[in-house]
Amino acid sequence: MKVAKRFRFEAAHRLPWHPGACRHLHGHSYRLVVGLEGNPDARGILVDFQDLKRLVQPLIDTWDHATLVASDDTALQDALDALGSRYVVLPFDSTAENLCAYVADYLIREAGDWLRARGVRRLWVRLAETETSFAETERALIRDVRPEPAAHAEAR
């Protein structure tokens, strides 16, 4: 059985090394889908959607209406500090691919054991920057195998 929940958040970012328009500070109405796959329990439920929301919402609350800044983009951090703007420092560039992988790793780090205990075997994450562009990743939740520790983001 597969179940999924959708989330939305607004955030700004830039990719200063990018040769195109993405090098400029800009924003997206991100759409995130988190999916789980496994065997439902005897009553027919894999994971309650409210529980899934409780797992993902802290990350959404951190990123929503913030600027997502790579740790090495000190020029943007300085500018945002001067403006008193809210931002989150990430240990990676804020590409859709990196953000998508971060969400998957975050869920495994924060709730992997809890998900496994409920029969979840696999999770997948899709993050859309626009109506037509998204990144997607999936992770197996194999018992007794721990993922590499994910780098932590720092909110400011």
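One-based numbering along the chain as shown.
Every residue gets a Cβ built from N, Cα and C, even glycine.
Going by TrEMBL, these are the annotated features:
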- His13, His26, His28: Zn(2+) binding site (BINDING)
- Cys22: active site, proton acceptor (ACT_SITE)
- His65: active site, charge relay system (ACT_SITE)
- Glu129: active site, charge relay system (ACT_SITE)
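Here the features listed in TrEMBL are placed on the structure.
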residue: His13; record: Zn(2+) binding site; CB count, 10 Å: 27
residue: Cys22; record: active site, proton acceptor; CB count, 10 Å: 16
residue: His26; record: Zn(2+) binding site; CB count, 10 Å: 12
residue: His28; record: Zn(2+) binding site; CB count, 10 Å: 18
residue: His65; record: active site, charge relay system; CB count, 10 Å: 12
residue: Glu129; record: active site, charge relay system; CB count, 10 Å: 20
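Taking His13 (Zn(2+) binding site) as the reference point, the active-site residues whose C-alpha atoms are within 10 Å of its C-alpha, out of Cys22, His65, Glu129, are Cys22. Reported as a whole number, the C-alpha separation between His28 (Zn(2+) binding site) and Glu129 (active site, charge relay system) equals 6 Å. Rounded to a whole value, the Cα-Cα separation of His65 (active site, charge relay system) and Glu129 (active site, charge relay system) is 14 Å.
Taking the Cα atom of each, Cys22 (active site, proton acceptor) and Glu129 (active site, charge relay system) are about 12 angstrom apart.
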